[in-house]
Amino acid sequence: MRGDSANQSKFGYLLLYFLGFLLLWEWVKPLGELTDTGNLAIFVAFMGMALLLKYINLSRILRFSIITLYILTIIHHFYYKNHVLIGLVWIIAFIKNAAANIDLLLTSRWFEISNDFKTLLFFLLLCLMTYLISYWVVVRKKMLLFFLVSVVYVTVLDTFTVYHADSAIIRLIVNGFAILGIQTYYRTIETEKITYSSLAITRWMLPLGLLIACSVCLGFSGPKQDPIWPDPVPFIKSYSDIVSGQGTVSTVGYGENDDKLGGAFESDSTVVFQAKASVRHYWKVENKNFYTGKGWEVANVASDSIIRLPENEKLYFFSLPDKKKSEFKATVTVDRKYKHIPYPEPMGLTKVKAGEASYFDFDVNKEKILSYGEDQSSVQLSEYSIEYEQPRYDVNLLRKTGNPDFRTGIRLSPQELDLYTQLPTTVPQRVKDLAGEITVNKNNSFDQAKAIEDYFDGEDFVYDQRNVPFPAENQDYVDQFLFDTKVGYCDNYSTSMVVLLRSLGIPSRWAKGYSDGEFIRSEDNQNIYEITNNNAHSWVEVFFEGTGWVPFEPTKGFTNSARFQYPASGASSVQASAPQTEQKKATPVKPDQETAKKPASSSDTGLVENLKEVWENNKAWAFGILLILSLAVWGIYRSRGKWMPKIWLRIYKNKTPETYFLKTYPILLSELDRYGLKRPEGQTLREYAGYVDSFFYTMDMIRLTGVYEHMIYKGESKDTDWKEVHQMWERLMNKTIA
Amino acid sequence: MEQKHPKIERILDNIAKVMIGKRHVAELSVVALLADGHVLLEDVPGVGKTMMVRALAKSIGASFRRIQFTPDLLPSDVTGVSIYNAKEQEFVFRPGPIMGNIILADEINRTSPKTQSALLEGMEEASVTIDGVTRLLEKPFFVMATQNPVEYEGTYPLPEAQLDRFLLKMKMGYPDASEEMEVLERAQYIPPIVELESVISLEELRLLQEEVKEVHVDGTIKRYIVELASRTREHKHIFLGASPRGSIALMKAGQAYALLKGRDFVLPDDIQYLAPYIFAHRIILKPEAKYEGLSAEDIVEIIVTKTPVPVQRLVNQE
């Protein structure tokens, strides 16, 4: 029987070693995929061998020599094959090399360390790990920490690298639970001094196995919810960028650099300029034409791109004679000065004048107007006045684009067409497929553009400036928005629309500037609009043959200020989008918040509905707070052993025990019960008192109980020294403080 | 902590002079005597039953009678008979063995039910009716009946209703080795029982019996007793639970036991200790319990351990 049990225990340890080996293996496995470590099998075999040697419990010297021999043979095989294995030559070379490498190590020149030395170090690391595992298996009989660290390791790798731990995590869980279960068995056997018996093993291992199998099967087959939070990696990355000073939670405003779009924005209501004008419209600063997959850059359209705008003359450069248009004037007072000047969009600028500037340059590539002083250096204007035309786009004409019969002088050169339909190779196929899906059944560029513009009004998309991550290293900015996050601000929407258009071959570009701002007051029959940093905006311009560049507004919550003239069949011919303009105020509010507020304030059902609403909107917070609260309550409850008796002691400190003893004694009973001295309900107080006293080595409980018995079973108090009774009670209460 | 009642202690000490070990048997006997009840001893012959009773009788200076029940024993052999006195020309009553203070009814299950009932009537009513004349029995009146659990052939087992009349039923048990050695040691010389003298008078005993009635039984304890009794009626292994007479018996015995322990109030401990002796012969088990090898004592003990002990005053008492 004894031999039998010893065998069983031996087998158990072998199993534990094997499971430990598998656990370690999970650490080594990703290395092949993520690092340039090759020939993993050799290292795995080494781990197995080292653990087996530990298990067999060979003498230390023998074990050491076997391991050394293995390491040397491997190093020889890979790095010193030219030399004879059994020879000093290569060993001396290796030792010299190692010495040099140690020097490198000490001077932190990690990259110069040679491969043979790296291999040696890796072997040493594995040695250490195998030693630790055998320590955890045999001596500590605890491996929870290692198991948890393994889980963290694998999950972190899965989250942040290309390594897919789908099956690894299952293996890890099965393996880890098995180890923990078996170790608990051995620990219990040891601490409780139980003799091994085959029955006990089956009784333990069978439920353990069943439990693991059941939980894994259940977890594997059960329905799993998709992650509620977006991929955390971009957030963490952008956060780490902030910390390291690279990235930004920028404040809203006009920026020149659009190389890397994404990240959160803080709102900023600094006034940029005030415009005195008769109509509302966007203010354009420039446009960009080259999409990099992460952001926008400017490619040259024309080699000689800078044009000096003629002074005191009408700028017919912008004006397109065929368009139906209205003419306006505006004066702009600038608070925050830039070198560039914002001009009305849709553009039809005819004249620009400023006292401080002697001339204006126009950059054709960006369609950006810069102001210069007399000394040919750029100046920052505090005020300028403009005259402009606002076109009305004829939808019939727009729909003709692409029709081979349509003859017009306004068309793009092949180079320009190439540039405005450019897409980087990083744009995934699914984006292009999506463009096709959205525009199915649309046979002209205008309707296609409209369809894409409308697509972003869908419920899936949410306007938000804060919870917007940077795309991951290998991720396309547009792809991330369209398929992963669907949360973003103007840059996301406009860039996505341009990319979708371009993937259909429709020439388009990315325009930026300011949205129409806020109406302040009327003055001299004109309105004054205030444009703040919050109005910084980006949108889309699409090229239509015969018409030119036409603005589109894909961003949720914003309305295109361009005016379209629909064919006469439509009821209102002038402004198809006009009624919407009034409804959707162009302030960027999170749409779901806006809709959520409405029913709450207008509904009659009142508070309950309201609370429900609040609950629905803040579920995550509420759950978090509830969780924290319940955790806190649980913690306080768990630690009641530390504070409950003290509170009782304080409450009954100066109370005459004679009158309160009927209360204080039961309190003592419940505290003793909480302490762990349980009284079966069929046990009499006297027996229990004996048990408690034998536990604490006192006589107090029996004496207290005698007094108490007298009170409850006789119905009268005993003539006794109540002071002493109280002291005994206090002593016992103090003993129950955990 | 544990005090003793001086007079009762004297009796117990006196008994201990002749009975080696067996203090619990002596205690329980005294409890029954003080509670004005009777004892049924179930044991094999030769373990000292007679010795026990005789010692008890001698200690209290009471008259001791012994009735050896045989199948041919008649009721009149127990109660006594009127004999015609030719000289006086009238019937003269000659009292039977029941007319004593302490009676050992040996092997009570060997005699016919008719004879048994003659004894049992006396036990219950403290009087016997002979030839139409009811004669009161002298107090104290204490019967210790014995039953042999080994031989059942030719016996008339006592019906449950009769068993109920015994306050408690107990087993004597064999002495352990060292005790038995001492028994042999003493048996070598004069039987010590002869030298035993009474330590209290009958009058004192009667006073003690009165004192027992004064022992306080709190409402909590009464509730506890009722709870125990009702649980015997609901238990799944019990066919017939303890009767209210059983509850009364438990209370009275509890009072006597408390007095024996020198207390003037009853503790749950007393009740717990006594419950198996008092309830076991008053319940009828279902066959299932017997198949499971559980005796009535076992089940009563299980009930005792499962029933919550009252540890606080009853609310309506405060």
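Using N, Cα and C of the backbone, Cβ positions are placed for all residues, glycine too.
Taken verbatim from TrEMBL:
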- A:12-28: transmembrane segment (TRANSMEM)
- A:40-56: transmembrane segment (TRANSMEM)
- A:85-107: transmembrane segment (TRANSMEM)
- A:119-138: transmembrane segment (TRANSMEM)
- A:144-163: transmembrane segment (TRANSMEM)
- A:204-222: transmembrane segment (TRANSMEM)
- A:482-556: domain 'Transglutaminase-like' (DOMAIN)
- A:573-604: region 'Disordered' (REGION)
- A:620-637: transmembrane segment (TRANSMEM)
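Away from its own ends, the transmembrane segment (A:119-138) comes close to residues 13, 16-17, 20-21, 23-24, 27, 37, 43, 46-47, 50-51, 54-55, 67, 71, 74-75, 78-79, 98, 146, 183 of its chain (Cβ-Cβ under 8 Å, at least six residues beyond either end).
Note on the domain 'Transglutaminase-like' (A:482-556): DSSP counts are 21 helix, 36 strand, 18 coil. The list of residues near the transmembrane segment (A:144-163) in space but at least 6 beyond its ends in sequence, with Cβ under 8 angstroms from a Cβ of it, reads 23, 26-27, 30, 33-34, 132-133, 136, 169, 172-173, 176, 179-180, 232-233. Within the same chain, residues 72-73, 75-76, 79, 113-114, 116-117, 120 sit at least 6 positions outside the transmembrane segment (A:85-107) and bring their C-beta atoms closer than 8 Å to a C-beta of that stretch.
The average pLDDT computed for the domain 'Transglutaminase-like' (A:482-556) is 85.
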